[in-house]
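Visitor: A single structure is presented below for examination.
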Amino acid sequence: MAFLHNGNHTAVTEFILLGLTDDPVFRVILFTIILCIYLVTVSGNLSTILLIRVSSQLHHPMYFFLSHLASVDIGYSSSVTPNMLANFLVEKNTISYLGCTIQLSLAAFCGTVECFLLATMAYDRFMAICSPLLYSTKMSTQVCIQLIVGSYIGGFLNASSFTLFFLSFLFCGPNRINHFYCDFAPLVALSCSDVSVSEVVTSFFSGSVTMITMLVIAISYTYILITILKMRSTEGRHKAFSTCTSHLTAVTLFYGTITFIYVMPKSSFSTDQNKVVSVFYMVVIPMLNPLIYSLRNNEIKDALKRHLGKKIFS
């Protein structure tokens, strides 16, 4: 049963997710592709976390933040992918009210924390390249923990705003969500209660998080670029660039897709395009991050070679 009647209001017990496609053949193809992506995402990010834990040469702030980014990427992908995979195998894609609440909360939490972590990692690179003599003091263990805790608190507060407003919504049915997961925008469109305040507040919080973190990243890399251009040593320039390119690649991919969905006018792209971009930043990017950081970072590659060599020759 999808509805429970209580007086003049209708209490929803489940939603119908319209998903990515109705074509049964395409559903099987998508199931196979996304399952492979999810397995690579979990194994790749877990490998990154374990490698950083066991490699003493990676016990630095940059890799401490990277291990948390890998954890968040697993959570981000897991917030939508398992349910999406299950729905590919059934005709009627449903999700319970509680499941929708959890999915919305976890996706908002992980997405917000990822923004803060990417900004924190940019600040870390700024301190390492622009103020190397003060780096060990400015990026002490205590400071790193405070930055991580602050990122998670920020994620919790932003996710709470989405969750609380969603719980206050009234739905008159039919509760068909034109998406593959419980995103806030289609839920707002379904609600038959006044959503004006919720739209303004959640847009303000999300916009503030996005703009502040992008500003921190932009300022950090502006100073980094100026410092690198002033370096006389070619080797020093190359090393500085190599430590920043992987992070810049991850930042460009993540914020590029967020800008497409949340900044561009809604009339400029269709709902189907929105779904495709959502798949990219919630499913594909969490898989790409460990590949980007491992392939473009010599310290991670060296640590991986050392541990693989120990396993092979032990």
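Backbone N, Cα and C atoms are what each Cβ position is placed from, and that goes for glycine too.
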Visitor: Report, based on Swiss-Prot, whether ILE95 and LYS305 occupy the same side of the membrane.
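Guide: Domain labels do not match for ILE95 and LYS305 in Swiss-Prot.
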Visitor: So which of ASN8, ASN158 shows up as N-linked glycosylation site in Swiss-Prot?
Guide: ASN8
Visitor: Fewest other C-beta atoms within 10 angstroms of its own C-beta: which of the disulfide-bonded residues CYS100, CYS192 fits that?
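Guide: Comparing Cβ neighbour counts within 10 Å for the disulfide-bonded residues CYS100, CYS192 gives CYS192.
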Visitor: Of the residues in the topological domain 'Cytoplasmic' (50-57), how many are helix, strand and coil by DSSP?
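Guide: Residue counts in helix, strand and coil order: 7 helix, 0 strand, 1 coil.
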Visitor: For the topological domain 'Extracellular' (262-274), what's the mean pLDDT in this predicted model?
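Guide: Mean pLDDT, the topological domain 'Extracellular' (262-274): 64.
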Visitor: Mind checking which residues reach the topological domain 'Extracellular' (158-199)? Cβ under 8 Å, same chain, six or more beyond either end.
Guide: 2-3, 9-10, 12, 14-20, 79-80, 83-84, 87, 95, 99-101, 103-109, 112, 205-206, 209, 271, 274-275, 278-279, 282
Visitor: Please classify the secondary structure at CYS192 (disulfide bond) using three-state DSSP.
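Guide: It is coil.
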Visitor: Over the span of the topological domain 'Cytoplasmic' (124-136), count residues by DSSP class, listing helix, strand and coil in order.
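Guide: For that range the per-state counts are 12 helix, 0 strand, 1 coil.
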